[in-house]
Amino acid sequence: MLRFFPLQVCILCQLSSTAMSQSNITSPNTQGGGVKRAAEPEAATNEEKRFHTDTTATTPDETTEVVRRKRRKYALLLSYCGKGYLGMQRNPGYRTIEDDLLTAMLHADLMTEEGCTCPQMFHFQRAARTDKGVSAARQVVSVKLPEDVPIPDMVVKINQHLCSQIRVMAIRRATKGFNCKSWCDSRTYSYMCPTFAFAPEVEKATEDYRITPEVLDGLRNILKLYEGTHNFHNFTARKKAQDASANRYIMDIDCGQPFERNGLEWLLVKIKGQSFMLHQIRKMVGLAMAISRGLVGPEVIARAWRESRLDVPIAPGLGLVLEEPHYNKYNKRYGSDGIHEPLTWEDEKQKIEEFREENIDSCIIETEIRDKSMLQWLSTLPLHHFSTSEVTLPKTTDLVSQDTEPGHADDLDTDVTSPQSSTSVQTPTPNKRPRPTKKNDVTHDILQRVAENLQRPESSMSIFGKYVGSKLDEFDPKTSRVARRLINEVLDAAEGGELSSNVSLNFNNVNI
């Protein structure tokens with residue numbers, strides 16, 4: 001038992017009374033064993049609770065204080081025309097939808113400069129990435145925005161700083177952990193094109209063509225072959241068959257009734273799936289066109305699921321549109337909780353249709369009539385062989401440029417025999433298995449096709465040049481540069497003298 005002297009008791013009492021009189025000193029929490037903060041004065045207001053995050057000196061005697069505002073998670077519904085943009089996702093040095101959107105939110109005082117530079121600070125995310133020139137009728141973005149600005153005012157302020165090609169249609173309050181990409185159950189895309197793209201080969205594909213009920217029914221049967229879970233490694237780039245992510249689930253695919261616009265008959269193909277890979281939809285549509293035209297049988301789709309590489313054409317990107325990301329699970333869980341609204345966008349349907357008619361569909365139709373991109377692409381379609389792409393090249397095309405860096409031979413998709421020589425030709429040894437190398441099947445397929453077509457008549461070489469140009473557009477910039485250099489070496493090394501110069505000239509006409 002502890003015993004205190006009278007002097008010690010007086011000192012302890014004095015210390016205890018002093019501690020209780022100071023409200024800013026914490027006291028032990030006897031129940032939880034921790035330390036709890038003293039209660040704030042009741043007179044404290046919301047403005048007093050805000051705190052400063054930065055001070056920037058504008059003059060020697062003046063500073064500008066930046067106040068952090070309380071933010072909430074919101075879902076933004078966007079509609080945009082992709083013409084003139086490199087895609088949705090930010091790409092430094094290029095014009096993208098995200099760049100314009102973030103800049104508009106900065107000018108509307110809804111985003112800080114730091115957040116505009118690094119959007120992840122405010123949990124910025126997009127539901128789907130659209131490629132160059134691809135439009136979206138409904139695109140969803142999730143981001144944290146200030147809660148002190150009413151939602152209708154946010155929509156108006158952002159749109160005031162956006163061009164007419166991009167519009168924020170609606171903003172919904174979302175849950176704290178909402179991520180528009182991970183919560184997305186499925187996505188629906190559409191592809192609009194003239195009906196002459198599906199005309200049988202016996203009929204000439206012209207702007208006067210009108211699709212028949214038999215051809216339309218046949219097309220629907222072809223599209224149904226894509227439904228289900230399949231390995232789509234042949235419908236994208238840089239994806240191996242053994243990669244588990246190559247398996248994709250197509251829920252529904254169909255086409256509506258044809259309609260006429262500006263003297264052309266058009267068809268809209270809609271595809272709904274869990275997720276899609278790069279160029280997947282365009283290659284699905286391109287192969288369906290080849291089958292409908294009779295260039296290859298429908299059994300090629302079943303062969304495309306196998307491990308071997310297949311030559312699959314990629315349709316032009318002009319008519320591709322993101323229709324809508326779907327949030328069925330989110331709506332079922334939070335849509336009726338009384339706090340959050342379901343992400344169904346029914347109230348904005350009319351505004352979206354008006355924007356689409358004025359900015360998206362009209363752009364697709366006018367561009368096709370002016371540039372005739374589909375007619376030009378159809379002229380290259382017979383050049384595809386729709387068979388397994390072998391990586392073996394003719395001996396005259398196994399060339400390597402002398403500017404190859406040591407240790408980076410795989411980047412050239414070819415064999416290196418001598419770093420000192422500008423070109424080297426590998427002669428295969430009879431009855432000996434060739435040494436395996438890492439190669440890009442698509443690049444080698446192009447080189448092989450170039451070598452095989454060197455003896456084609458000059459009149460048809462311009463069409464073949466367009467085919468090569470369309471294939472090179474599928475590559476990333478580094479691979480494209482390598483492929484262009486190798487093609488030029490193939491042409492320089494080809495025999496025939498005058499024929500080689502003619503081929504090079506036709507290739508230059510399509511900027512190869």
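The first residue you see is number 1, and the count goes up from there.
In case you wondered, yes, glycine gets a Cβ from its N, Cα and C as well.
Summarising the annotation, TrEMBL assigns signal peptide to 1-21.
Per TrEMBL, region 'Disordered' is recorded for 22-60 (among others).
The active site, nucleophile annotation in TrEMBL covers Asp131.
Sequence-distant neighbours of Tyr189 (substrate binding site) (same chain, six or more apart, CB under 8 Å from its CB) are Lys270, Ile271, Lys272, Phe276, Ile281, Leu320, Val321, Leu322, Glu323, listed in sequence order. The substrate binding site annotation in TrEMBL covers Tyr189.
Feature annotation from TrEMBL assigns domain 'Pseudouridine synthase I TruA alpha/beta' to 223-328.
The region 'Disordered' feature in TrEMBL is assigned to 399-443 (among others).
Residues or ranges marked as compositional bias 'Low complexity' in TrEMBL: 415-430.
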- request: Enumerate same-chain residues with a sequence separation of six or more from Asp131 (active site, nucleophile) and a Cβ-Cβ distance below 8 A; give 'none' if the list is empty.
  value: Gly87, Leu278, His279, Gly317, Leu320
Message: Quick check on the domain 'Pseudouridine synthase I TruA alpha/beta' (223-328): DSSP residue counts for helix, strand, coil, in that order please.
response: 28 helix, 34 strand, 44 coil
